[in-house]
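Colleague: Before we start, here is the structure in question, set down as structure tokens.
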Amino acid sequence: MTANPTSIHQRLDRRLSGFSLEQPFYTSPEVYALDLQHIFYKQWLYAVPVCQLAKAGSYTTLRVGAYEVVIVRSRDGEVRAFHNSCRHRGSLICKARQGQVAKLVCPYHQWTYELDGKLIWANDMGPDFDASKYGLKPVNLRNLDGLIYICLSDTPPDFQTFAQLARPYLEVHDLKDAKVAFTSTIIEKGNWKLVWENNRECYHCSSNHPALCRSFPLDPEVAGVQADGGVSKKLQAHFDRCEAAGTPAQFVLAGDGQYRLARMPLQEKALSYTMDGKAAVSRHLGRVAPPDAGTLLMFHYPSTWNHFLPDHSLTFRVMPISPTETEVTTTWLVHKDAVEGVDYDLKRLTEVWIATNDEDREIVETNQQGILSPAYVPGPYSPGQESGVMQFVDWYAASLERALAPRQVAAE
């Protein structure tokens, strides 16, 4: 179902607080285009862990809507991002998802770029051709303590405030000393907002995530912040114990709701996301104390949520690919010197979240199918169980409302 001529502003104005969005926000190509234009093309997006680009010439590619981006480590050690489009006639330069190169060479006419984006060879372009004017177009990039974020906008929003807040939480995890143990990419046949809504609550966990529930707590007093923003005594005691051991833990939320950090406890006696609750990696990534510090939960809308544990870390990247399809990439990080088969078993490390991701995929797809019905109308969220969903939807609605000023009407 496409959006009707009613303005998006009017749909947002009549949105009931505590209810899901109207159907076009989950189904309409026009609303999807607005989401890309005003959110994904303007906000800082998580891309990859920096350890994925370990050597000069290591690169990865990323598609954000219509944009193609290549991220590469240069010979000076800096990681840079460029539009993955040759300045000659526009061909993709790097076609693979990741790789290792000496130079960035366009496969079409062999225009050749240095790893810092400078054009260094273009055959037979005439005596007046100035190669210095045809370097690759840069993309804004920030390295947040081992996590690479990019922004496609020529006028990127502030990143420093988030970085200053997050850095002390991340520093104890030593992500600069990480390596990628495994990466999983799945396509969920659901709108990107449904993927986020599902992530932001555990109302569904007990009936859908048997493996995750072996370690992730369902007790509302320790599983999250209360609907009014308060913290239970149990949770505050956990925060205080971690802080006393030198590990930042307190709940912090951005003023506009875009990002949040909090170090949440796992099930009693659980140390990591494994079937038995024991550590998945014997050589720990980071200096987190105490051993049962739980998981640092960090999200940054619209592209990432993360779990940083005492023994390993997981990053999740959310990327919309159509109005009803979303790519979810999960990366497991371990210490760079951890040896598979000695310090960790790959199946044991990954099985909980591989199962959980697939269960979430089915949930999101079933949710999307029901929303496609003409009978769908917005329904109420649970204040006690789905306050996180309400927080995400409020952030999304406010972000789109601000971006669309002056008022804009969606096409039929």
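Here the Cβ of each residue, glycine as well, is placed from N, Cα and C on the backbone.
Fair warning: this is a prediction, and the values are worked out from it, not measured in the lab.
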Colleague: Which of these, D13, D35, D360, D394, does Swiss-Prot say binds Fe cation at the same site as H204, H209?
Modeller: D360
Colleague: Taking Cα atoms as reference points, rank the binding-site residues H204, H209, D360 by distance from C86 ([2Fe-2S] cluster binding site) and give the first.
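Modeller: Ranked by Cα distance from C86 ([2Fe-2S] cluster binding site), first place goes to D360.
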Colleague: Counting across all protein chains present, how many other Cβ atoms fall within 10 Å of the Cβ of H209 (Fe cation binding site)?
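Modeller: A count of 19.
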Colleague: Given the binding-site residues H204, D360, and counting only Cβ atoms in the protein chains shown, which has the most within 10 Å of its Cβ?
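Modeller: That would be D360, with the most Cβ atoms nearby.
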Colleague: Restricting to the chain of H109 ([2Fe-2S] cluster binding site) and a gap of 6 or more, list residues whose Cβ falls under 8 Å of its Cβ, or answer none.
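Modeller: Non-local contacts for H109 ([2Fe-2S] cluster binding site): C86, H88, R89, S91, A122, N123.
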Colleague: Over the domain 'Rieske' (45-150), what does the predicted model average in pLDDT?
Modeller: 98
Colleague: Please list, in sequence order, every residue of the chain apart from H204, H209, D360 whose Cβ lies within 8 Å of the Cβ centroid of the Fe cation site.
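Modeller: So the extra residues in range turn out to be N198, C202, C205, N208, L212, T356, E359, I363.
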Colleague: Looking only at the domain 'Rieske' (45-150), what are its DSSP counts of helix, strand and coil residues?
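Modeller: For that range the per-state counts are 6 helix, 45 strand, 55 coil.
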